[in-house]
Every structure is written in C-alpha cells, then in structure tokens.
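Visitor: Can you read through this structure? Questions will come right after.
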Amino acid sequence: MAAWCSPRWLRVAVGTPRLPAAAGRGVQQPQGGVVATSLCRKLCVSAFGLSMGAHGPRALLTLRPGVRLTGTKSFPFVCTTSFHTSASLAKDDYYQILGVPRNASQKDIKKAYYQLAKKYHPDTNKDDPKAKEKFSQLAEAYEVLSDEVKRKQYDAYGSAGFDPGTSSSGQGYWRGGPSVDPEELFRKIFGEFSSSPFGDFQNVFDQPQEYIMELTFNQAAKGVNKEFTVNIMDTCERCDGKGNEPGTKVQHCHYCGGSGMETINTGPFVMRSTCRRCGGRGSIITNPCVVCRGAGQAKQKKRVTIPVPAGVEDGQTVRMPVGKREIFVTFRVQKSPVFRRDGADIHSDLFISIAQAILGGTAKAQGLYETINVTIPAGIQTDQKIRLTGKGIPRINSYGYGDHYIHIKIRVPKRLSSRQQNLILSYAEDETDVEGTVNGVTHTSTGGRTMDSSAGSKDRREAGEDNEGFLSKLKKIFTS
C-alpha cells in the first residue's frame, strides 16, 4: 500500500502481489473499483465491479499502523484512487461564522452577513491581513445558508455533502468556497439594504473620501468658491459604466436565460436561486474594459468648485456631493495677524498715543470688511474694549452677524524730546494720586518742585515764560 497526502486530498494505492501465471490460471483478475470517502482511518470499498463474489459492496477495510492491510479478504487486486479529506474537519461551521442559530430565518442570516461584511471588508481593514480571508468565509457561509437547497444539504451532510468526491448528497455543483466573487455578493446584498433602516449601500461600501482644505482667515469668515482636485470613484468614462470594452458586446447568459436566476430541481422541490454563472447580472462580460476591468467604475481626477460657506470654523467638516458620490471636506483655517475669533465675534487691538488716551480723538482700525474710523473717548484706559455691533462674522447656524470688539492699547514712547520731558515733569508735579516716586520729581503734590540735578532743569529755565503758559494750559486740562 502507498499513500500520498496533501492538505485536502489523500491518494491511496492498495494491492497485493500479482498471482503467478500458473496459480492464476483460470482465475479472473479484478477489473478495478472505486474507494469512497470515510472519516478517520477507515476506507469503504463501495464497489469493485467484477469478481467480488460473496463480498458485497461496502465491505469494510481498516488501515492500521505499520502499513498493513487487514479486513475482508478478496481476490488479489490493485486499486489506485484519490479522495477528498472530510471538509467538515477543515471548515468552521457556517452558522458559527455568521453568528446565527441553526434555526435562524433568512432575514436574520442576511442581517448577520450585512453587519459582519461591513466589519471585515478589506477596504476598511487594510491593516488586518486576515480580513480578506474572513470576508471570503462570510461570503461562502452566506451563499450556502441563503439558498434553501444548499442549506438543507448542509444541515444533512455538513460541508462534506458539497464535495465533488461525495455523491450521496445528490448534488455535485458545489466545489468549496464561494462560487461568486465575494465583492459582487457584497454589492448585491448591500444593494438590497439601500432603502432599509440598516443604512445606504453606497454609504457603507464606498466610504466617502476625506479631504483637507486650507483657508485664510478672511476666506473662512466671508466665504469663498474654491477650486479643488479630488480623486473619486465614478462611472467609467471609457465604457460608460457598462463594464465591457467599447466595440464589444456582452454575451447572453444561457445558464439562466438572461434572468439572473436559475431553477434547481431537487426531487419534489423546485427552487429559484441566483445564477452562479453570471452572478445575477443576466449577461457575461467576455471582454472587460481595460480601465475599470469590468466594474463599470474607475477612480478619476476631477476639478470641482467647492462653495465654502461664510463663517466656517477651523476643523469643521462639511459633506459635498461630487457627481454620484459624496466627499467630506475638513477646513483648516489659518490664523490672522490682526483678528482673533470667538464664535461669530472677532477681536482686534488698536494702539493709540498717550495724548489720544488722555484727550480723546479718533483712530483708524482695520475691520473685517472695511477700514473703520473709531471714536476714542477722553480718558480711555488700556485694554478697554470698544464694541462695533454687527461688524463680525456671519452666524453659520442662525441669522445675523457677530460683533467686532476693539481692545485699546496705549503706546508709551520710549524716547522724549527735551520739550516733551519738561512737559511731563511739570505734569508730574501736580499729580496727586501717585503711589511711590517719579524719577526727576522730589514731590508730586501741588506746589512740589523738581530735582535740581535733573537733566531737564536747565532746559526748563531756558524755556522761559512761553513754556510756563503752555504748561499751565496742559495742567488745567489734565486736572479738570
């Protein structure tokens, strides 16, 4: 006896030495036979054609360690055959793969396949090397359990009932693994859910692509129409979505008569099932399009104009339709050197001089839409805010505009002329609310005097009576 074993097939040659010519005179040699499948280490001789005598069909033979053949004796023979190892040992239970009980309804089976196929689809699990295998197992399990004929055979015989070496099931068309492309089955089943509460087929299978768009502060605040290049799956322009090469024709599926469904007769039962030849399309593409490879869709570069709504914020995502697909666009808004944003309100700083802060006046400020003349009230303090109503950003989820808040910043000069220093020293002499000291001034109460050692003493004396008149006016303004 000799045996050759592969992962799924076992090839066995069993025999005894051929009878000598003298001993075998008048003895008819066996014509051969067929060894059928049996589990473990048992072989079952189903039929040996001629010369079996009283040893009828299905006589049991046992393979024991030591490569010895024992059991029912028969005429010398040599028989070589191959048989498939039991698929039930190599395959998981289809019900366990889909996570449904054995009495599950077709609706429950389809729903389970829907949810698991979404979870394990290779496009959404690119980092998982086992996702493709799991996805194929789901397709195989669903193909069997969704067909009542195949399901009955599976319940009766298990996976071995579908093997080509086993004819007891009465069906020999199933060959292990899904007979249709798992992707096609996925599209077909998910297409049936397009109007169901489980979601939209296109939103599940073709996940919307995400893009990042850079915007300036003003573009985000005012809105803009911006051109953008996207790569998106759309109808193949070469074959117009038909899948076949232009100038060629698709063949009518003779297996199902173009209906996409085939009829299976199993005794008293007549079942309708998806055509295994064309996958339910009703036609067969013999010359697929060289661009889309028969899918009818191909990735294309498209230049689209995206209307950016006024008031979008940094990190905000919007959904945009592009052809028959949708894309997600996330905005990245650059910081402005002038404005700071708080919702629909904007903030900016306005620098004014000491004289403007004390005496008041006007100043020009940069607004979001135009240059604004701001009225400065006398005596304004640093960091005090001036509110410009309705000069902010449009409210994206409601009506109206935000406000523009101007923060006052008083610019203190780092250098003074002699005249300016004398004026400030004279003003400091009359200050009454100073805590501490002022450089160059000995007393800061009314009637105080400046330090003789100060750099401005000589200049003040040289200034004469004209300066005294100006200082008197300035003091009256400051102390009034």
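Quick reminder: no glycine exception, Cβ is built from N, Cα and C everywhere.
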Visitor: For the set K119, K134, K335, K391, say which residue Swiss-Prot annotates with N6-acetyllysine.
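Guide: With Swiss-Prot as the source, N6-acetyllysine is noted for K134.
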Visitor: Relative to the Cβ position of K134 (N6-acetyllysine), how many further Cβ atoms are located within 10 Å?
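Guide: Looking across every protein chain shown, the total is 18.
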Visitor: Nearest by CA distance to R238 (omega-N-methylarginine): which of the modified residues is it, out of K134, R293, S398?
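Guide: Given the candidates K134, R293, S398, the nearest one is R293.
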Visitor: CB neighbours of R293 (omega-N-methylarginine) within 10 A?
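Guide: I count 12 other Cβ atoms within 10 Å of it.
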Visitor: Taking 10 A as the limit, how many CB atoms besides its own sit near the CB of R238 (omega-N-methylarginine)?
Guide: 13
Visitor: Quick check: in three-state DSSP terms, what is R293 (omega-N-methylarginine)?
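Guide: Once the DSSP labels are grouped into three classes, R293 (omega-N-methylarginine) ends up as coil.
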Visitor: Write down the Cα-Cα distance for R293 (omega-N-methylarginine) and S398 (phosphoserine), rounded and given in Å.
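Guide: The Cα atom of S398 (phosphoserine) is 48 Å away from the Cα atom of R293 (omega-N-methylarginine).
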